[in-house]
Every structure is written in C-alpha cells, then in structure tokens.
Amino acid sequence: MAKALNLSIEGLSAGKNIELLNAQIQAYHPQKVALLDPQDLSLLKVPTGVEVFVGTEGLNELVASASSSLVLNALVGFAGLEPSLVALKQGKTLALANKESLVVAGWLLDTSQILPIDSEHFALWDLLQNIPKERIESLYITASGGALRDVPINQISSQSLEKVLKHPNWQMGPHITINSANMVNKLFEVLEAYYLFGIEKIEACIERSSCVHALLRFKDQSWHAQLASPDMQLPIAHALCPNLAHEISHKPLEILQTPPLVFEEIELARYPLWGLKDMLLENPKLGAVLNTSNEIALKAFMNKQICFGKIATWINQSLYHFKDVSSYLHTLEDVKNLDQEVRSWMQREFL
C-alpha cells in the first residue's frame, strides 16, 4: 500500500514479530524504529544512522519526535492509547486502527484529527460527508454474526477455541475474531462511532456477506448505505492518502454477483452481551471496564481456562460492578488506575 501510494515511511514499530520488522526496514528504509522488548535488540537489523527506541516509552518518543504529519496506529489493546494521545498532542493526523484508544478513552482524544480505518467507521465517515446532522435519525453498522452465527443457541457456550476462530468472512487476528463471535467487537465499534461522529443513536444489525458496511437512517425514513468488498484496502488507502486512494486497485464488488442482502436482528439469546449497548452509550466511560474485562476473559478462554460462555458472564458482572465509573474517571492516570483496579477485582472474583 505504501509503495502504491508512493509514501515515505519515517518510523516503524513492532511487538514481537522482528522478522517482519526487519523485512519492512529493508523495504521502506525508515529513519526511526521502535521495539517493545529490549531482549529483541540483538535480532534487529538496522542500517547505521537509524534511531532505535525501546519499550512503551520508546514508542511514545518515536511518535513525538517524528516530523511526519500522519501516524498510523494499528497496535492491539490498551497499549495503543498513549501513542494515540501523543500523536494528537503533537498536532498529527491519526489514522486509527487501534479500537481501544477510543473505547477506553475517546473522551480524551481530539477526534477531529482522527481518520478511522475500521471498515464500518470509514463507511460512516464516507456516508456522512456533507450531510447535516439534523437530517439523521440514527447510524447503523453491520456485523457478520461471527463464527457461531448458525450454531444452536444451547451449544454456543461450550464451543471450542478452534471453532470460534473460524470466521466466515474475514481473515483477522484471534482477539478480534473471538470478539466478533460474541459481539464484543460490535460494542467496541458502537463506542467508536459515538466518539467519532457525535451521534448518540447507534444501532447494528447482521448482514452476513459483509458487503454492506454501514447505513444512515434519515428522519424522512430514507436510507443511505455504503457497499464494498469485505477487504481493508479501501479504508486504509483513504486514511493514508485520500487524494490518491481512487488510484489503488481495490477488490471490486460486483453487485450482480453478490448474495442476496438480508438484514437480521442481533438476537440477545445468541449474543447476550449486545444487551449492554444502551448501558454503554448512556455511560461511555464504561468502555474502559469493557476493554479490561474482555481482555482478561479473552486470555482465560484462549488459555482454555474457561468456556466461551464465561466471557460474557465475566464482562457483564464487571460492568455492573464498576457502573459508577464516570464519577471518578477524569484523566489518563485515572484510566490507568481503573485498568489495574478492574484486573485486581477480576483476579479475586474469578481466577
């Protein structure tokens, strides 16, 4: 994508995939590189003169010291929040794929500087261009239904990790694939849309082909929808270089060859966590609790310590236990303290 758009890459960062980072260094010749773990320094292959940063603070330093006007944040989890804050504080445009930045602390971010990379939020951004807010009744994002959408409801709770990881439409990492199976991902995306677009009425429905990414419902009861292939190239290209995105060869959506478009309600019997949507929109700072509790439950499920159904139980109980979080969540330090408080409580309660 960077080569197709003729972009110069000033900095790159990596967690543990040093082999891929080395290949990208060779291909893109960055001036700055950041590593998570200092023990991986011996594996790093950088030319003389490349500035190397280490650890989470090192990543923040890379972002702060870069002269580039655009930062792409595709980190996974809570770790993505501080680099987002640093980029925005420096006045940079933030191309954001890290959901947790908004879910955990969207109220701390200047969303006017953010370009969303999620397919649903890119679709909403595209649909909302030049549309007055007073015309809009509600925003709709779509869900595929995830890997368990056709499993009998009474069997969902006991589904194996291997089954849950078989997404019908998208090739994604394990965390987001599991989050898609129980609608946690859609709860995340509702909060993202709330912060990005400043509209409180946000709904979701299942559209199995993943060809319809988002819809607008207008007060006159007409609709606009954005359709595209289930592929991330389009939103990434628009975030990185909107003026040239149309020149990229995207996977086409042949409208006469698409399956019938059917919109389905998200059943609470199948996806009980979806019942938390209104609670989260009424108290969006609870997103910090949602993120931490999901992270811990997800880890336990992936380690085969709990069954799939327990993820929903743990998240639900955590949100209700910390339901008054808005009264004491005001700063980044408060967010960090809450993260630790939720972890400690869940350790005592469940592990």
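For all residues, glycine too, the Cβ spot is worked out from N, Cα and C.
TrEMBL annotations: computationally assigned, not manually curated.
Quick look at what TrEMBL annotates:
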- 7-106: domain '1-deoxy-D-xylulose 5-phosphate reductoisomerase N-terminal' (DOMAIN)
- GLY15, LYS16, ASN17, ASN98, GLU100, GLY173: NADPH binding site (BINDING)
- LYS99, SER119, GLU120, SER144, HIS167, SER180, ASN185, LYS186, GLU189: 1-deoxy-D-xylulose 5-phosphate binding site (BINDING)
- 114-197: domain '1-deoxy-D-xylulose 5-phosphate reductoisomerase C-terminal' (DOMAIN)
- ASP118, GLU120, GLU189: Mn(2+) binding site (BINDING)
- 227-344: domain 'DXP reductoisomerase C-terminal' (DOMAIN)
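Taking the features listed in TrEMBL, we show where each one sits on the structure.
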| residue | record | Cβ within 10 Å |
| --- | --- | --- |
| GLY15 | NADPH binding site | 15 |
| ASN17 | NADPH binding site | 11 |
| ASN98 | NADPH binding site | 22 |
| LYS99 | 1-deoxy-D-xylulose 5-phosphate binding site | 25 |
| GLU100 | NADPH binding site | 26 |
| GLU120 | 1-deoxy-D-xylulose 5-phosphate binding site | 26 |
| HIS167 | 1-deoxy-D-xylulose 5-phosphate binding site | 18 |
| GLY173 | NADPH binding site | 10 |
| ASN185 | 1-deoxy-D-xylulose 5-phosphate binding site | 23 |
| GLU189 | 1-deoxy-D-xylulose 5-phosphate binding site | 28 |
(message) Counting only residues 6+ away in sequence within the same chain, which have a CB under 8 Å from the CB of ASP118 (Mn(2+) binding site)?
(response) ALA97, LYS99, GLU189, GLU192, PRO235
(message) With Cβ-Cβ distance below 8 Å and at least 6 positions apart along the chain, what are the contacts of LYS16 (NADPH binding site)? List them in sequence order.
(response) LEU36, ASP37, ASP40
(request) State the three-class DSSP label for ASN185 (1-deoxy-D-xylulose 5-phosphate binding site), counting H, G and I as helix, E and B as strand, and everything else as coil. (result) helix
(request) Excluding ASP118, GLU120, GLU189, please set out which residues of the same chain place their CB within 8 Å of the center of the CB atoms of the Mn(2+) site, keeping sequence order. (result) LYS99, PRO116, SER119, HIS121, LEU124, ILE141, PHE188, GLU192, ALA193, HIS213, ALA214
(request) Take the C-alpha atoms of ASN185 (1-deoxy-D-xylulose 5-phosphate binding site) and GLY15 (NADPH binding site) and report the distance between them in angstrom, rounded. (result) 22
